[in-house]
Each structure stands twice: as C-alpha cells, then as structure tokens.
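Asker: Quick paste from TrEMBL:
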| type | residues | note |
| --- | --- | --- |
| DOMAIN | A:3-64 | domain 'HTH asnC-type' |
DNA sequence: GGTGAAAGGTCATTAAG
DNA sequence: CTTAATGACCTTTCACC
C-alpha cells in the first residue's frame, strides 16, 4: 500500500509514546478520532502494522550478549527441516534467515556470557543437518529494528 | 532481574493478545488484578518490557526484500562516526551492529527489489569510512525477533 | 467498589479527489 | 461522484483511587 505523511506521523507517535490513546493521537495530530481509527485499521489490514506487541529486551533478564552465526547446511537435509529443528531446540535463536552466499543460514543469538554463548553454539552444531558454523559477537548495537526513518522515507517518496 | 513462570505467562499472554486489559489478564492467569499490575510495573522498570509498540512490517509498504551486509571500515575512521553516517544517510538500514571477526559491521537492510538493493548498496559504499561491503540476500525469514521461547526458558532455568 | 475517561460503534454532514 | 474526514451521539469497559 501507499503511505502518506499522516500515516508516518501516526506510526512515529505510537512508537515514541506506546499505548497512547486513540483520542490523544487525534488531538496531537490535529485530526478527528475517526480518522486515526480508520488509518490504523488500514495500516493493520495492509500488514504495515503487524500488531501492537510488547517489545522484549533480553538484556532485561540477563541476556547481555548478542551474536551472529552463519550456518552451513548438509546438502542432503532440507533447509526447512533444519530450520524447524533449530527453532525448537535453541531458544536463544531470536532471528533465523535462509540466505544466499557462502553460508546457508544466518542466525542472531543472545546469551548470558561468552562462555554460555559457546555452549549455545555447541548445541547448534549438534542439530542434525548442521554442517559447520561461523560466528561473530556484537560489540555494540547501533540500531535494532529501526523502522521510523524508513517509514518517513516511504511517506515522502 | 529474575523472571518466573508468571512473568513468562504474562508476557506470552500480552504477545498473543496485545492490549489485553489488566483485569482480563488477571482473570486468565488466575491471580489478583494487583498482582498483574505490579508484575507489569516491575517488568517495565527492569527494562524487560521496553514498551507495547506497533510492530512494523516493511513488506506492508513495498519493502519485500531483506538483505545482510558485512561492512569493512577504513581503520583510520572511527566506528561510531561511520555508524552515525550510515544511520542518518541510509533509511533502509534497519539493524546495525559493530561485530568481531572478518568484517567490522553487520547490517540488515530492506529494499523494494534486487535492483533497488543494488542502489542502496551503492549508497552505503559512498559513505566516508566504508572500505568494502559484502552482502547476501534473505531468501526466507524463519524467525524474526522471536522472544517467547527465550522468556520461558529463562523462567524455568 | 465508585468514578472519570477512553474505546468502539454509528451516523449525518462536509470537503476534496 | 466517490472516497475520506469530521464532529457528535451513544454504550460498554477499564484504570485508578
């Protein structure tokens, strides 16, 4: 769908001020309540807003470390099969993609510490179909799921 | 902070049924309303729940492609400087980490198409301090920001 | 438990494409 | 003429004290 400046402003407002009442959104944006309601409905219908969900920070309960892991898959095993096995066996996997290039899958992991990360990587290596892994540790998180500039860029373009 | 089964159940409930009223949460969990309120306050204070925010899906407004980009930085330029420049110049960058290993930074990008991705990569290459990039395209997204199994694992362990 | 407030629904009117 | 926004009504429901 096409997005305009009002949609972008609404998304920014709800991102900056979570759970802001619809009525208050309408006041701050200088539009009627029904407008905000219908815009939100449209954004939901078109899948722009997947849902209003609690944003969980794993650091809040001890998972201070983020790491990336490139996985090579045994060619004889299906990707989906391995993906399914990894997803169910390793709760520390928060992102998982099948990618082009040297490796077959790209994971993002969290762990308590470097030592516990090693233990997680060991568990990954044991999953049937996983041939090889290469990993790197995130020293610093500059951006994580930053969407607002993109939304505003799309609203302009 | 330490998380128990009730916290995990509450987070799962709010994830499955966003914006569920506190009273209804209490009823479904079989606890008093005050318990839910205080648990939520604790989870917020300790940064476990950053906020109840709209989850934006860039595919909803035309960004169908996800890609990863490993960036090598010119050693003479500071990481933070390059990070700042990338963040402000390229709205298509949704994640950005400084990482250990062969490359210096790990990005996640979105784009409309393969051709537009190339254009984004060109813009990244032009950012001062960026020495080299290597990229791969996500063929499939298996998991994206999956937190619940981790929360429940933390509640048990 | 009571109260103030907001959500959600509907509708007629108005504006703009 | 069609789509969208507006402001006003209403009732139910929740959050807070």
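Note that Cβ sites are derived from N, Cα and C of the backbone, with glycine treated the same way.
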Asker: Where DSSP helix means H, G or I and strand means E or B, what are the helix, strand and coil counts for the domain 'HTH asnC-type' (A:3-64)?
Answerer: 37 helix, 8 strand, 17 coil
Asker: On the 0 to 100 scale, where does the mean pLDDT of the domain 'HTH asnC-type' (A:3-64) fall?
Answerer: 93
